[in-house]
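Below is one structure; the comments refer to it alone.
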Amino acid sequence: MVSGGRVGGGEGEAGEAAEVAVAMVDNEEEVAQAQAPPAAAVAARELVVGYALTSKKAKSFLQPKLRGLARKKGILFVAIDQKRPLSDQGPFDIVLHKLTGREWQQLLEEYREEHPEVTVLDPPGAIEHLLNRQSMLQEVSELDLSDCHGRVGVPKQLFVNTDPSSIPAAVMRAGLSLPLVAKPLVAKSHELSLAYDPISLTKLEPPLVLQEFVNHGGVLFKVYIVGDAIRVVRRFSLPNVDVGDLSNNAGVFRFPRVSCASANADDADLDPHVAELPPRPLLEILARELRRRLGLRLFNIDMIREHGTRDRFYVIDMNYFPGYGKMPGYEHVFTDFLLSLVQKEYKRRPSYSSCEG
């Protein structure tokens, strides 16, 4: 059980949302220029990005605006044929993937060993950590930061894989308070349930993770991370629950997900205390530490601010390679990120003449 430890002492696809840029290294342009390979070398060939995505993910991510900008910047996206050996395809500069399964993971690990010069986004072993909600938030709970302009923790939660009739007793032993958010153990599923009373708990279907519901004013902050870049958008979320709700509601309320792209809250008329974004320094240090600990460069964090506070935040979920198509201006952020990988680890390859996948 993650006990909801705090951090610091100081302060799962549609629609477009207004951009809120919150993090970029101040001297990013100077650093990029200093690290960049000779312009002639970059122009000599395209940057080839092989992608292995589900058809749904490919459609939402590889939108025309991304493909068009990528072509202008010399980036070519090529579909990977999962039925053929990876070594027989390419050559690739970068492999971008979001597939699960032991067979794919083994193929990719073997490819990484044979082609260490290719950047794989991200290592399969690191991705595994975010696919299981029992362990997903452990790194957040173990962070020990100081002077980060706020406190970050995780709600109390309990892993349940037992007979449903025994769940109320397990919840009581763990010291969790109702209502509880029930989440499937496997993070691929976005369906959530809210249980208001002990009887409701017996209607749940393990294995799952139970998480204390924290009132947060009905607003959630989606923090998108692409390498060193951070973007934040506000989304409408579940409303606050008061004592009256606990008394008058019973049963299990199911939700397809806590937030959705159509529920963008950036332009809504919100209480300023609810709408205020988490402090930039807090997000920067949190993202940096999670990148280091998780070994990932493409993920997002779902954060909430405890209602009635200004500096107490909770991370309630994380996702690998989230729906970047919903992130404002994602095509610019993502193409810049891909080019930065070449600037840091530039290696000359034969030209690639195949058509886009």
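Yeah, the Cβs are placed from backbone N, Cα and C, and that goes for glycine too.
If you check Swiss-Prot, you get these features:
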BINDING   LYS56, LYS98, HIS190, LYS222, ASN319  1D-myo-inositol 1,3,4-trisphosphate binding site
BINDING   ARG133, LYS183, 211-222, SER237, SER262  ATP binding site
BINDING   ASP302, ASP317  Mg(2+) 1 binding site
BINDING   ASP317, ASN319  Mg(2+) 2 binding site
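Neighbour counts of Cβ atoms within 10 Å were compared across the binding-site residues GLN211, ASN215, SER237, ASN319; the minimum falls on ASN215. For LYS98 (1D-myo-inositol 1,3,4-trisphosphate binding site), the nearest neighbour among the listed binding-site residues (GLN211, VAL219, ASP317), judged by C-alpha distance, is ASP317. Per-site Cβ counts within 10 Å over the binding-site residues ASP302, ASP317 peak at ASP317. The Cβ of PHE221 (ATP binding site) has 26 other Cβ atoms within 10 Å, all protein chains considered. For PHE221 (ATP binding site) paired with LYS56 (1D-myo-inositol 1,3,4-trisphosphate binding site), the C-alpha to C-alpha distance reads 24 Å. Here the binding-site residues are LYS98, LYS222, and the one whose Cβ sees the fewest other Cβ atoms within 10 Å is LYS98. Over all protein chains present, the Cβ of VAL219 (ATP binding site) has 22 other Cβ atoms lying within 10 Å. Ranking the binding-site residues LYS56, ARG133, PHE213, GLY217 by other CB atoms within 10 A of the CB puts LYS56 at the bottom.
ASP302 (Mg(2+) 1 binding site) is 11 Å away from VAL219 (ATP binding site) when you measure Cα to Cα.
Cα proximity to ASP317 (Mg(2+) 1 binding site) (within 10 Å) is found for the following binding-site residues from LYS56, ARG133, PHE213, ASN215, GLY217, SER237: ARG133. Of LYS56, ASP302, ASN319, all annotated as binding-site residues, the residue with the shortest Cα distance to GLY217 (ATP binding site) is ASP302. The secondary structure of GLN211 (ATP binding site), as reduced to three states from DSSP, is extended strand.
The distance from the Cα of ASN319 (1D-myo-inositol 1,3,4-trisphosphate binding site) to the Cα of ARG133 (ATP binding site) comes to 10 Å. For the pair LYS222 (1D-myo-inositol 1,3,4-trisphosphate binding site) and ASP302 (Mg(2+) 1 binding site), the Cα-Cα distance reads 5 Å. LYS56 (1D-myo-inositol 1,3,4-trisphosphate binding site) is 24 Å away from SER237 (ATP binding site) when you measure Cα to Cα.
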